[in-house]
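A.B. asks: Dumping the structure here so I can ask a few things about it.
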Protein chains: 2
Amino acid sequence: MQRYKGIIAYDGSGFSGYQVQPNKRTVQLELETALAKLHKGTQVKVTASGRTDAGVHAKGQVIHFDSPLAIPEDRWVIALNSLLPEDVSVISVEKVDHSFHARFSAVGKEYRYLLYLSDRRDPFQRNFAVQYPYSLNLQAMKEASQFFLGTHDFTSFCASNTDVEDKVRTIQTISIEWLEDRNMLILRFVGNGFLYNMVRILVGTLLEVGTGRLEPADIPKILEAKDRRLAGKTAPAHGLYLWKVYY
Amino acid sequence: MQRYKGIIAYDGSGFSGYQVQPNKRTVQLELETALAKLHKGTQVKVTASGRTDAGVHAKGQVIHFDSPLAIPEDRWVIALNSLLPEDVSVISVEKVDHSFHARFSAVGKEYRYLLYLSDRRDPFQRNFAVQYPYSLNLQAMKEASQFFLGTHDFTSFCASNTDVEDKVRTIQTISIEWLEDRNMLILRFVGNGFLYNMVRILVGTLLEVGTGRLEPADIPKILEAKDRRLAGKTAPAHGLYLWKVYY
C-alpha cells in the first residue's frame, strides 16, 4: 500500500458539501466513486483536511488515500480527472509517507472570502462571490480585523451547534484587499485551524463594522463575551474558498 | 407607448440560447415572462440585437420593448432584476425614440472568446472559458488574424446550413491578448455584423494556425475558396461572449 496526497479544487455550487451524506451529491462521494472505478470496484476511503459546507468552494483542498496501485504521480492526476465530473478537479498527486494524514498533519489553513461590491447583479459571479450593495468603510474593517489576530477563544465566532470543546484558535494573518477593476473585496484568513462557520461569522462581523453597525473597538468585547449572539451574521457559503492547507 | 432600450448580461450555460423555442428555457422567454408579470399578464414582445446560441454568454446584449408603463429608467432595472432568474441580469434601461430597433439600428458588434490555456481542468472556468491544452504560436495567430480585417466574403467562415444570402461582412478589429497571470487568451472581434457561427469558426481556424496545422498565408486562400470545409472547426459555444452592440 502506498499513501498518496492529492490537492483538489471544486466548485461547491452543485454539492451538498464535501463530506459523504446519504442520498446527497458530495465531493467525497465523487472522489471515492472515481477511485473505486480505478480499483475495479474496491472501495477506497478518502480523507480530507476537513469538510466544507454546501456551496463552499475549494482551490486547494487536500486529501489522502491508500492504494496498492503503482501509478506514477502525474498519471494519477490524468486518470482521476478523466473519471471525475467537471466541477471537481485533481490538481496534483504525490506519494507520501504513511505518517502523513490530510487532517491531523495539517498545521494551518488559508481561507478567502469574495465580496462583489455592486448594486447590480452579475450573472457570472452569482455562485462565486457574494454581492454586497452597501458601501463599506474598509479602514474600519481593517482596524477591526487586527483584534482577531493572535490566539483567542473564538466561542463568539463559532456556530453554536458544535460539539468541539476547545474553541481556542490562532489567526496569523487577515488581509483585506480591494480590487477596484473587478469591484471585488477579497478577505484572506490564515490560521492554525478554524471552528465550524468561523470564517463566515468573522466576515459577517467585519461587514457590520464596515457599515458602521459595530465599531472596531467592539471586537475585543465580543471575543471576551464568548456569546455567538453578539457577533455578526454567518455570511453566505458561496463567497468562501478553502484556498490552501499547510503541512 | 414608450420604447425602451435595455442592456442585459447572461450566463448562457443554463439556456438553450437566446431565442424562444418550444419547451426550451431561453433568455427571451425569461425576459418576456418578467415583462408580462410587470404588465399584469399582458404579453410584451422583446427584440434583441440578434440571437445567441446555447451556451453562449452575453455581457452586453441589447434589447428593445414597448410599454405603456411610465416607470423611471433605473426603476425598470430594479423591477426586472427582481423578477428575473439569477443567470440573467438587466444592466441598464433607457427611453429611446420609436425609430430605435435593437437589431436593425445596430451598426456593429464586439464578441470576445476566452481560451484557458492549461493542461489542467479548472472547475471555476468550465462554463466560462474553453480549456486548451496545446501550446500556441501567438505570433502566427496574430499574423493570420490580419487577413480577416476589412471587407470580405466570409462564406468559408459561416455555418453551411444558413439561409443568409449576402455573406460579405467587414471586420474592423481583431486583437489577441494573453493574460499570463490567469493563463487566459482573449480574442476580440469587432465588426459590422457576423454570420451564423462566424466568430467560433474564426477562432477554430486561428487555433489551427496556432498549432501549425495552417499557415497565416493559408487564410487568404480559404477566404477566396468560399468553402466552409477549408476553415477550422467551430470552437465550442461556452468560450464566446457577445460583449457589446454599437448603435
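The backbone N, Cα and C atoms fix where each Cβ goes, and this holds for glycine too.
Pasting the feature list from TrEMBL:
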ACT_SITE  B:ASP53  active site, nucleophile
BINDING   B:TYR111  substrate binding site
DOMAIN    B:8-104  domain 'Pseudouridine synthase I TruA alpha/beta'
DOMAIN    B:144-247  domain 'Pseudouridine synthase I TruA alpha/beta'
A.B. asks: Find, among the recorded positions listed as B:ASP53, B:TYR111, the one whose Cβ has the highest number of other Cβ atoms within 10 Å in the structure shown.
C.D. replies: B:TYR111
A.B. asks: Taking just the CA atoms, what is the gap between B:TYR111 (substrate binding site) and B:ASP53 (active site, nucleophile) in Å?
C.D. replies: 13
A.B. asks: Going by DSSP assignments with H, G and I as helix and E and B as strand, what are the residue counts for the domain 'Pseudouridine synthase I TruA alpha/beta' (B:144-247)?
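C.D. replies: Final tally across the stretch: 36 helix, 31 strand, 37 coil.
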A.B. asks: As a quick check of your reading of DSSP, tell me how many residues in the domain 'Pseudouridine synthase I TruA alpha/beta' (B:8-104) are helical, how many are strand and how many are coil.
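C.D. replies: Breakdown, helix to coil: 26 helix, 25 strand, 46 coil.
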